[in-house]
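Asks: Quick paste of what TrEMBL says about this protein:
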- 6-150: domain 'Flavodoxin-like' (DOMAIN)
- 12-17, 59-62, 97-106, Asp132: FMN binding site (BINDING)
- 205-445: domain 'FAD-binding FR-type' (DOMAIN)
- Arg349, Arg381, Ala382, Phe383, Ser384, Gly415, Leu416, Cys417, Ser418, Trp553: FAD binding site (BINDING)
- Thr459, Ser514, Arg515, Lys520, Val521, Tyr522, Val523, Gln524: NADP(+) binding site (BINDING)
Amino acid sequence: MTERRLLILFGSQTGTAQDTAERIGREAKRRHFQCRVEALDSYDVANLINELLVVFVCATTGQGDPPDNMKMFWRFLFRKNLPPTSLCQMDYAVLGLGDSSYPKFNFIAKKLYKRVLQLGGNPLLPVALGDDQHDLGPDAVVDPWLLALWDKILALYPLPPGLEVISPDVCLPPRYTLHYLAEDSLHSDSSLLQPTPPRALPSELHPFAARMVSNQRITAESHFQDVRLIEFDVTGSGITFSAGDVVMIQPQNCPEDVQQFCQLLRLDPDKCFLLKPTEPGTALPAHLLQPCTIRHLVTHYLDISCVPRRSFFELLSHFSTNELEREKLQEFSSAQGQEELYSYCNRPRRTTLEALWDFPHTTSAIPPEYLLDLIPRIRPRAFSIASSMLAHPGRIQILVAVVRYKTRLSKPRRGLCSTWLASLNPEQGDVRVPLWVKKGGMKFPADPDTPVIMIGPGTGVAPFRAAIQERVAQGQKGNCLFFGCRQKSKDFYCQAEWEELVTKGFLMLFTAFSRDQEEKVYVQHRIRENGQLLWELLNGQSAHIYLAGQQIWHVLHH
């Protein structure tokens, strides 16, 4: 009898591909497969030649790029020297998650499907192209594709005699069990965030606990948008960066939400526990220190402010002791209920914590060991670095627009990371923020004589502030910046700094203040007015042109 082993590998940026991969993993367990679900970059790619059955689930990011957690795998797979028979014993399927409003729709999934085919793989089905733009989201494609996939897989690997597919009504065991420890066996919560050991460069698994030096609002108090210029001290961390690089910040939930969550689920926040995998071979969550308190788990790990996914309601329905609540949860987890779920969750941006409020009977019955199956981990947030080490040694500065907006729900929606950062006050003591640095997509010219044209409306100006500081420190003068905002008196970030550089001859500055006159004036109008100058820079001096910011598509379309 062939061993019934299935490997599910995912490349995920926002967590959707991981969520889908875990769903396929659960369906595999119901069909009695030995199943592993791993991020592509956590998997030892040298073993791929020994795998007989693999499902790849991958998202496409930005302009057709692979997600961060499959970049190494991607480079390996496209090596020229791989023999065309490398994967000839593998049966495989590829599920893509994308957005058809982007030109490179599901580019990574299509390319992966072709490459595995070139290396001798045997496709079980055509590549599935999930689309965020569909009324029912990617599930409109994923649901029927998975039914077809299981038909194919069970034809090759039938159920062992005497075994049935485990019914969806039966709840699968949790991935981990919680083992509570005696009260005094844990160090205090504050010691869980230790500065990185000096040898290791800070990374996602070992962030540096950087001291916040300043947190300054740089929009007028009367302006609707709160934007902060925040500075961190990274002395002694080993962190280096150049203009265009990105700082990753690991946010945390606010104490009020943590307290509410613990009350709703009747959890003692000071209880201390160890996690043990239910099945041998399941890795412990890499980002969670052990032993750990419930408070630490909820504060630093569980993303209770994210909009819950379909899988959340599916698992929740198993714990429901209340018939009305159970019916609603089952509807939300069915294919037919997806429009209803969209208008309950996604459209108003309802959080996981708020959804739990709406199902009080079920919530109070959630077994704590299922928390890590139920709620995803808090993902780090990326910010363009807005300063240069040449101008501010040992420091990192960022521009943060505090996310706050209204939906039909009575409470305004708030961005987890920006709200948390804005709430921190370095004048009231030692404030630490876990961070690390990643290479960004922008590279500025090495040749000091190459002029640079930068178009950065709003907080899109952040990477250009870093570039200008860096270039000015090196004596480079060909810096041309187009900046746009609403009103000169309210949200003209870093005005004094730009004006000083103009006076010293280091910067050409063109500004568009859209609300300061009758006719709205945007960055694209200033570009058109200065077309002759731009053409001379581009054509005559081979200038490089850079764009950044939320509003950039409007600029490009003009």
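Cβ from N, Cα, C; glycine included.
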Asks: Using the alpha carbons only, what distance in Å do you get between Arg515 (NADP(+) binding site) and Ser384 (FAD binding site) once rounded?
Replies: 26
Asks: What whole-number Å value do you get for the CA-CA distance of Leu416 (FAD binding site) and Tyr522 (NADP(+) binding site)?
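Replies: About 30 Å separates the two Cα atoms.
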Asks: Does Gly15 (FMN binding site) have same-chain partners at least 6 apart in sequence with Cβ under 8 Å from its own Cβ, and which are they?
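Replies: Pro376, Arg379 - these are the non-local Cβ neighbours of Gly15 (FMN binding site), listed in sequence order.
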Asks: Using C-alpha positions only, work out which of the binding-site residues Gly62, Asp99, Phe105, Arg349, Ala382 is nearest to Gln524 (NADP(+) binding site).
Replies: Gly62
Asks: Identify, in sequence order, the residues in the chain of Asp99 (FMN binding site) that are 6 or more apart from it along the sequence and have a CB within less than 8 Å of its CB; answer 'none' if there are none.
Replies: Phe105, Asp131, Asp132, Gln133
Asks: Can you give the largest Cα to Cα distance in Å, as a whole number, for the residues Thr459, Ser514, Arg515, Lys520, Val521, Tyr522, Val523, Gln524 that bind NADP(+) in the record?
Replies: 19
Asks: Do you know the DSSP helix, strand and coil residue counts for the domain 'Flavodoxin-like' (6-150)?
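Replies: Counting residues per DSSP class in the domain 'Flavodoxin-like' (6-150), I get 55 helix, 35 strand, 55 coil.
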Asks: Given the binding-site residues Ser12, Ser514, Val521, Val523, find the one whose Cα is closest in space to the Cα of Ser418 (FAD binding site).
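Replies: Checked the binding-site residues Ser12, Ser514, Val521, Val523; minimum Cα distance to Ser418 (FAD binding site) goes to Ser12.
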Asks: Just to verify a number: CA distance, Ala59 (FMN binding site) to Val523 (NADP(+) binding site), in angstrom, no decimals.
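Replies: Here the two Cα atoms lie 32 Å apart.
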Asks: Around Leu416 (FAD binding site), how many other C-beta atoms are within 10 angstroms of its C-beta?
Replies: 21
Asks: Tell me, what is the mean pLDDT of the domain 'FAD-binding FR-type' (205-445)?
Replies: 95
